[in-house]
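As written in TrEMBL, here are the features:
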BINDING   T405, R410, S576, T577, E625  L-glutamate binding site
DISULFID  C637-C706  disulfide bond
DOMAIN    320-701  domain 'Ionotropic glutamate receptor C-terminal'
DOMAIN    330-394  domain 'Ionotropic glutamate receptor L-glutamate and glycine-binding'
SITE      R378  site 'Interaction with the cone snail toxin Con-ikot-ikot'
SITE      I555  site 'Crucial to convey clamshell closure to channel opening'
SITE      R582  site 'Interaction with the cone snail toxin Con-ikot-ikot'
TRANSMEM  450-469  transmembrane segment
TRANSMEM  526-548  transmembrane segment
TRANSMEM  748-769  transmembrane segment
Amino acid sequence: MFSLTGAIFTEEQRSGPIETAFKYAIQTINEGTDILPNITLEYDIRYVHRDDSFHTAKNVCGQLRRGVVAILGPSDPLLGPHVQSICDAVDVPHLEARVGEAAGGAAGLSVNLHPAHGELASAYGDLIGFLNWSRMAVVYEDNAGLLQLQTLVGTPPGADMEVYIRQADPADYRHVLSDIKNKNIFNVIVDTRTESIPLFLRADTETFDLEDFRYNLVNMTAFRLVASSQPAVRRTVTRMAAFQPVGVGPVHPRGVLQVRLDGLTGPVELTEGRRTGVRLELLKLADRGGMRPVGRWSRRHGITITNRTAFFGTGRPNVTLLVTTILERPFVMVKSGSNLTGNARFEGFCVDLLERVAKATGFQYQIELAPEGNFGTRDPVTGEWSGLVRQLIDKKADLAVASMTINYDRESVIDFTKPFMNLGISILFKVPKSQPTRLFSFMNPLAVEIWLYVMAAYVIVSFTMFVMARFSPYEWNNPHPCFDDNDVVENQFSVSNSFWFITGTLLRQGSGLNPKAASTRIVGSIWWFFTLIIISSYTANLAAFLTVERTSTNIESAADLANQEEIEYGTLEGGSTMTFFRDSKIDTYRKMWRFMESRRQSVLVSSYQEGVQRVRQGNYAYLMESTTLDYIVQRDCNLTQVGGLLDSKGYGIATPAGEDGNPYITALPTGSVWRDRMSLAILDLQESGVIQMLYNKWWKDTGDVCNRDEKKSDSKASELGIENIGKKRIVYVHVTYVTYILSSKGGVFVVLLCGLALAMIVAVLEFCWNSKKNAQTDRVSVRFWRQTTGSFGYLP
């Protein structure tokens, strides 16, 4: 059984690789028996000119009259839709492999094996996000190229992405590249015809030989649909190279739409005629061997990098960059020894970091100290910069590696890599001296007002107990119970005994006196409850006070510094910390800057060592970056950090802005070229934990860390001895005792007063009941006032 398949190719594709692949596929199917057994394919190939839709439609109609069961091509973006519409009209499958969004068509018989626009745009976007591009240029040759990139251009991966778009013919490549270069854009996405790629590259290098590209700082990255490393691909390419076509040429009309297979371009899955689940191979120009696979992409997993170092080591071999820095412990220090030369003279965190970044990025370096010895600030009058920033602006150095803070002013004139360390401004202060001890420190847990309230309650309750006992008939007892006719009675709650009973219960001891009447028992119960709350509160507060020490200062934050003038404070003159306070819009920090500016000569220091020495002398607080502060505090137990961080920022490696070379290294692009590569290297070092390891090495594992006596309020308590009660030093706790006690413990006084009122009511009821009972027994009319005065007539 014979079946005829049609193919439409452009004149440029005549006898080309696409036509050869088509013929090879036909012959392979005919020679095999597993794909289309008992069917022999024949083909009818027609050639058309690009942009000639009339003759293309005429050739397609001619093939349909011959009875073709499917048509392949063309790959031209203009001719493809015309052929598809004709095939849809006659219900003939249409196969193509062109850039576009061809779907199943009206009859659902059109299949496009080329990845859809959205798939490719997602791949480009993921790669741009991985490379951390902030500016890029897009160069396309025709409208089809812009259509393919419209998703990427319309919604760039980064919110701050700057995109420069240009359409260019091969004759205009050099002019377009010159414009891109003048805009200091170093990242370019190129969408052009395959045959135009050599022309585009020659516009900049005059040759398409990859062996030459790799020595000119060319950073070429591409996606490849065919995984050439697969054995099946290599085998097929070898057979196609030796293929000699023979004249042959059916497939069931619906069969091609039901295919799901593993092809040379990976798994082929079709959804409504579109190819989905595309897998792309990521290629990069290597130092040796041309384009090498460095990763892969899929919509499900995104970018997967298999060789991260390929994105760093793209520099010219043996390139040497001049690195400027300043001395600051532990970032950059001079080694001890007189025979050291070159980079061996220096050590520290930044030196180790530079070594690893240079190794990953692919350059050599030479470290030199900056003449002025400071990071650099801008003169508000002249606008001129100093220090490390000046060195980079004047192109006297390629990199500045130090504890250099990234801020707006510096970023406007130089470039920074991604931060290699995050930090903030904090306060360095001398550990305050302890206050002199006091003999009656045991009274500190309660405020003076509370002590007075307790004493007043003690007196009031004692007299209330005495009155209730006198008033209640059940507290009067016969001193000689063996004689029933004895008219003499006595009361155990005299004035002195009442005070003794209240004293014993207050101190949690017995008194030998036991109330018998309901009224006196209510008074006793309420007093016991009151003393339970007071003693428990006192005990808890006393335990807290005995665990920490009182200091002689109340400076706990930047606000505390700003609200006083006894303790001076300042920062490094000309540093980013000074700039932070000078430009701050926060009232507290503006107030602090006015103070520092009014005492500029006495509070601003020329180096951080001078600031630390001022702190050691006392009565001075130094505002500095937390990383250096942490290093100092861990080595001097007399210094401490006060409060938290005042801001959040980072250290970065600085490079000159722009792309011009400098006298030290001729024709070497600096600026964003090295910035992007070093940023990737820094991110890799952070993710692998190398930067944290270097931090531990220079901050914690140097062997000179002091053994600070950790006396913290939440970690250690003191013994309760005589010295603790009488002379223990107590820490200042920022709590208003009166407000605290009255708001949280004032209810106990209310309960006490309510209990006393209840006891009085019960006593009156008891007295009235007993008076009435006695009058009935004695049959005597007794007046209430006489009975009452008689009760108080037995005062001891």
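Cβ atoms here come from the backbone N, Cα and C positions, even for glycine.
Overlay of TrEMBL annotations on the structure.
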residue	record	DSSP class
R378	site 'Interaction with the cone snail toxin Con-ikot-ikot'	strand
T405	L-glutamate binding site	strand
R410	L-glutamate binding site	helix
I555	site 'Crucial to convey clamshell closure to channel opening'	coil
S576	L-glutamate binding site	helix
R582	site 'Interaction with the cone snail toxin Con-ikot-ikot'	helix
E625	L-glutamate binding site	strand
C637	disulfide bond	coil
C706	disulfide bond	coil
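C637 (disulfide bond) has a Cβ environment of 13 other Cβ atoms inside 10 Å. The recorded positions examined here are R378, R410, R582; by Cβ neighbour count within 10 Å, the least packed of them is R582.
Checking Cα-Cα distances from R410 (L-glutamate binding site) against the recorded positions (R378, R582, C706) with a 10 Å cut-off leaves R378, in sequence order.
Each residue of the domain 'Ionotropic glutamate receptor L-glutamate and glycine-binding' (330-394) gets a DSSP state, and the totals for helix, strand and coil are 24 helix, 13 strand, 28 coil.
Of the residues the record lists as binding L-glutamate, namely T405, R410, S576, T577, E625, the two whose Cα atoms sit farthest apart are 17 Å from each other. Every protein chain shown contributes to the tally, and the Cβ of T577 (L-glutamate binding site) ends up with 23 other Cβ atoms within 10 Å. For the recorded positions I555, C706, counting C-beta atoms within 10 A of each C-beta gives the highest total at I555. Note: the L-glutamate site is recorded as T405, R410, S576, T577, E625; in the same chain, F375, M404, N407, G575, T579, F580, K649 also have Cβ atoms within 8 Å of that site's Cβ centroid. The binding-site residues listed here (T405, T577, E625) include no residue with a Cα within 10 A of the Cα of R378 (site 'Interaction with the cone snail toxin Con-ikot-ikot'). Neighbour list (T405 (L-glutamate binding site), Cβ cut-off 8 Å, at least 6 residues apart, same chain): F375, G575, S576, E625, K649, G650, Y651. R582 (site 'Interaction with the cone snail toxin Con-ikot-ikot') sits 22 Å from I555 (site 'Crucial to convey clamshell closure to channel opening'), counting Cα to Cα. Per Cα geometry, I555 is the residue among the recorded positions I555, C637, C706 nearest to T577 (L-glutamate binding site). Here the Cα atom of C706 (disulfide bond) is found 24 Å from that of I555 (site 'Crucial to convey clamshell closure to channel opening'). S576 (L-glutamate binding site) has a Cβ environment of 22 other Cβ atoms inside 10 Å. Around E625 (L-glutamate binding site), taking its Cβ as the centre, 24 other Cβ atoms fall within 10 Å, counting all chains.
Across the fold, the C-alpha of C637 (disulfide bond) and the C-alpha of I555 (site 'Crucial to convey clamshell closure to channel opening') stand 18 Å from each other. Across the domain 'Ionotropic glutamate receptor L-glutamate and glycine-binding' (330-394), the model assigns an average pLDDT of 88.
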